Amino acid sequence: MDEKKKVIFSGIQPSGNLTIGNYLGALKNWVKLQDEYDCYYCVVDLHAITVRQEPKELRRRTLEVLAIYLAAGLDPEKNTLFIQSHVPAHSEGAWLLNCFTYLGELGRMTQYKDKSQRYGDSISAGLLNYPVLMAADILLYNADLVPVGIDQKQHLELTRDIAERFNKLFSPTFNIPEPYIPETGTKIMDLQEPTKKMSKSADNPNSYILILDPPDVIRKKISRAVTDSLGTVKYSDEQPGVKNLMTILNALTGMTMEQIEKKYEGQGYAQFKLDVADAIVTELEPIQKRIKEILDDKEYLENIYKKGAEKANYVASKTIRKMQKKIGFIPR
Ligand code: TYM
């Protein structure tokens, strides 16, 4: 029965064009979970505005991310797919939880430290409070599991701390969620600087492969990916560029690292890179076609996000009322 299924929550920010990092670290794994779990997948537009967004672009990208969810294989009948700002409980919950989160905890978040360096003087308070909004996202649905790439692990640990604190201060209210980090594709690295995470906000387009990059662009970017002068396909920390391309190939084809090493033994990098590019194109081409079809049918998209918001609103506002009652607010 549905009620017994464990709950999953995850989201992606519509803050840039999605990369193959988002696909392999998150989306591809979400699709595998949809039969077994009660899944909530959200387009987290409230998170996106922690850095400046052009309103028109934000609108376009929000719908595009939802279309990508669907095109990647998330079934709207099985999953609750919605847009974060359509469910006011996320903002409300974030405020409540902000009052049970310490400034010191937020200042220690690696992503905040990185981004605040990048944006210099114009860091919004939202950027600091961002992980609290993420905690609200997860706790409002009493999620058991949160499938994310490893870069989000620290935020999830903070979510657990906040939930435990609230439960202890009042009485058991929240489930303590577990991260659900895939074995493969956990962290796809930048193609130009393979010691850095591949990010949709990188300045150099050769650093990333976008889900919507055309095949010829994908092939060009992979051929330009930084490797090394050793010339052997080996899964080693000394060869971060090669290691990253192997991770991508493994996540896409299921070939093990040993199988990949063996296949390209004594061959240099040329064929290896051609095959990595081919694997990406083979995976993404049908998805790209579906994304375009879905985006052409705005009514279909609207039906999905409206239905999703309705279900999410129902569940999340129940949790808000529970929180308010425990905190000591007068019931409405
Ligand atoms: P975001 O939008 O940066 O990334 C979305 C998902 O993609 C994963 N990811 C990667 N995985 C592997 N390699 C990479 N290079 C890579 N880049 C991104 C991320 O780990 C993430 O799973 N704070 C979140 C969004 C969020 C959220 C949530 C997630 C908001 N509320 C609640 C889970 C639960 C974020 O910025 O993800």
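For all residues, glycine too, the Cβ spot is worked out from N, Cα and C.
A TrEMBL annotation is a machine prediction, not a hand-curated record.
Binding of ATP is annotated in TrEMBL for Q13, P14, S15, G21, N22, G149, I150, D151, K197, M198, S199, K200, S201; the matching candidate from I188, I209 at the same site is I188. Put simply, the two farthest-apart Cα atoms among Q13, P14, S15, G21, N22, G149, I150, D151, I188, K197, M198, S199, K200, S201, the recorded binders of ATP, are 19 Å from each other. Sorting the binding-site residues I150, M198 by the number of other Cβ atoms within 10 Å puts M198 first. Within 10 Å of the C-beta of N22 (ATP binding site) there are 25 other C-beta atoms, taking all protein chains into account. Reported as a whole number, the C-alpha separation between D137 (L-tryptophan binding site) and Q13 (ATP binding site) equals 13 Å. With a cut-off of 8 Å between CB atoms and residues at least 6 apart in sequence, the same chain places H47, A48, V51, Q53, R61, K200, S201 near S15 (ATP binding site), listed in sequence order. Around Q13 (ATP binding site), the same-chain residues six or more apart in sequence whose CB sits under 8 Å from its CB are V44, D45, H47, A48, listed in sequence order. In the three-state DSSP scheme, D137 (L-tryptophan binding site) is classed as helix.
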